[in-house]
């Protein structure tokens with residue numbers, strides 16, 4: 001659930017902020033303390049609610065909880081902006097002397113105190129109804145659905161993977177002559193994203209005649225996310241003896257394993273391994289070293305970190321099926337043995353590959369759909385429409401990926417869920433994504449580490465697990481682009497429901513008051529100026545993100561409505577890159593929450609002076625704004641600015657205050673001159 005994904009980490013940051021401000025701000029100490037308690041309880045409740053499928057009444061309650069939660073966060077952000085403004089307006093000594101006599105401060109304190117009390121009472125009222133749904137704040141458990149128990153028996157129809165199978169088998173049986181000093185036990189890992197076919201490949205290897213001949217003993221153990229060291233040890237013993245061992249203790253289990261494996265060349269498959277704790281892996285391995293030279297453990301895992309931890313030589317990254325293999329698999333399950341059926345499917349193999357994305361189970365599901373339709377004339381429509389919201393095309397997928405998503409660290413979930421506003425196939429840069437995360441307060445500060453460095457670590461974590469895929473986009477500058485696979489995109493889109501929306505002008509889009517993040521996507525050239533992309537978003541009063549993607553396709557000057565920023569006062573990120581945009585409304589200065597403003601490759605000529613009032617602004621992107629002649633004169637309020645990206649050569653006028661701002665920047669600030 002997106003409410004949980006976004007709010008948990010933001011609430012944690014908010015709680016940290018409250019604690020810090022309570023030390024500094026005496027005016028609202030009691031109100032902030034009360035709000036802190038509610039924030040902590042709601043965060044824990046959301047964590048618990050995420051582990052179950054919500055019924056309609058529970059979903060309505062979670063929506064209500066989400067609304068009051070976001071309202072509390074907005075209040076905290078508003079208070080934070082006011083403190084920054086106050087700190088900049090007066091010197092500390094002068095501010096302290098006049099504070100108690102300042103009518104504006106007295107009014108603000110009274111008004112904010114009333115708002116926080118009202119929000120806290122509403123949160124308490126909503127929160128108390130959690131008992132109606134059996135939610136336990138303190139309970140912590142692993143999500144149990146979505147993970148099948150696997151066996152060593154392979155599926156009936158398998159297409160592709162022959163090259164991968166032969167490659168791995170040749171490596172496994174090439175260790176007859178183990179040299180002195182080399183480990184007798186080889187550990188091999190197959191890693192890749194969920195449902196890519198890791199278990200199937202392991203089953204093919206396990207049941208190959210060369211393997212059964214080469215090894216004295218073959219063992220298969222399904223591990224799963226609920227890792228229990230004693231349970232896995234006992235499962236290994238049960239696989240050896242083919243008998244259950246319910247009452248045996250751990251020491252006896254390990255001794256029996258040692259005894260049974262001694263002098264035997266064995267193959268052990270540990271399927272669906274998740275545990276990243278090295279000390280537990282070392283404990284599990286202890287009784288497994290007694291086998292004969294040439295013994296092998298195969299570990300299948302979604303986590304590259306796990307693969308690197310267990311391997312004694314490079315792991316095997318399993319990739320997507322080829323276009324031809326996708327077609328062949330669909331053809332096999334559609335039972336299309338006649339020439340007409342094969343010809344029809346072969347002609348559609350590119351569309352089949354696009355729909356399946358190289359995922360075996362998607363191809364199988366599509367094959368089953370075709371098998372149920374005897375009229376071959378309708379196959380084309382089935383393939384074209386398959387997966388677009390159809391139950392059969394999505395049900396297996398959502399349920400199988402829920403486990404993967406639920407196991408993500410809580411600080412990573414909102415970062416990945418946020419990608420639901422990224423169109424399929426869109427390439428993005430690492431810095432662009434991290435800066436957007438920072439603007440949404442998704443990044444938890446860790447000790448003295450810079451927030452941006454922590455965000456980069458989050459990004460690298462997602463790349464290592466194949467949730468982001470790297471593609472080179474600028475060979476000269478050695479810059480990389482990234483995208484998310486269709487499979488991951490479907491997961492985050494399902495997870496974020498109505499909070500994230502991709503608004504394509506040529507397609508229907510359903511925006512509600514709960515929509516928080518929008519990308520407006522231009523997908524075709526020659527879009528008429530009568531298509532106003534901003535009209536429909538006025539209802540989204542709580543909007544946090546507004547991105548315009550594909551703005552270079554707009555062949556007419558884009559003009560923002562003058563009252564746009566009066567309506568979207570909660571915006572934290574605004575990206576108008578590549579738009580034929582020459583000016584911004586002066587009231588952009590009203591966006592006190594705005595942290596990210598990207599205008600690169602636009603026709604902007606001059607920035608409004610009101611930009612100087614954006615106390616929270618972290619990123620100002622002006623790359624390739626060749627018509628930009630000058631920057632605002634004032635910079636005193638831009639103390640949070642970390643990234644300034646622009647061409648200095650084209651500016652006719654830049655005040656000394658900008659130079660002073662850059663001069664005193666710490667190493668965590670950046671200016672890019674392209």
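Even glycines carry a Cβ here, placed using N, Cα and C.
TrEMBL: automatically predicted annotations, no manual curation.
From a predicted model like this one, the values you see are computed outputs, not experimental measurements.
Over in TrEMBL, the protein carries these features:
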type   : residues : note
DOMAIN : 6-94     : domain 'Disease resistance N-terminal'
DOMAIN : 162-337  : domain 'NB-ARC'
DOMAIN : 421-491  : domain 'Disease resistance protein winged helix'
DOMAIN : 567-646  : domain 'Disease resistance R13L4/SHOC-2-like LRR'
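In the predicted model, the domain 'Disease resistance N-terminal' (6-94) shows an average pLDDT of 67. Across the domain 'Disease resistance protein winged helix' (421-491), DSSP assigns 31 helix, 12 strand, 28 coil. Taken residue by residue, the domain 'Disease resistance R13L4/SHOC-2-like LRR' (567-646) breaks down under DSSP into 11 helix, 16 strand, 53 coil.
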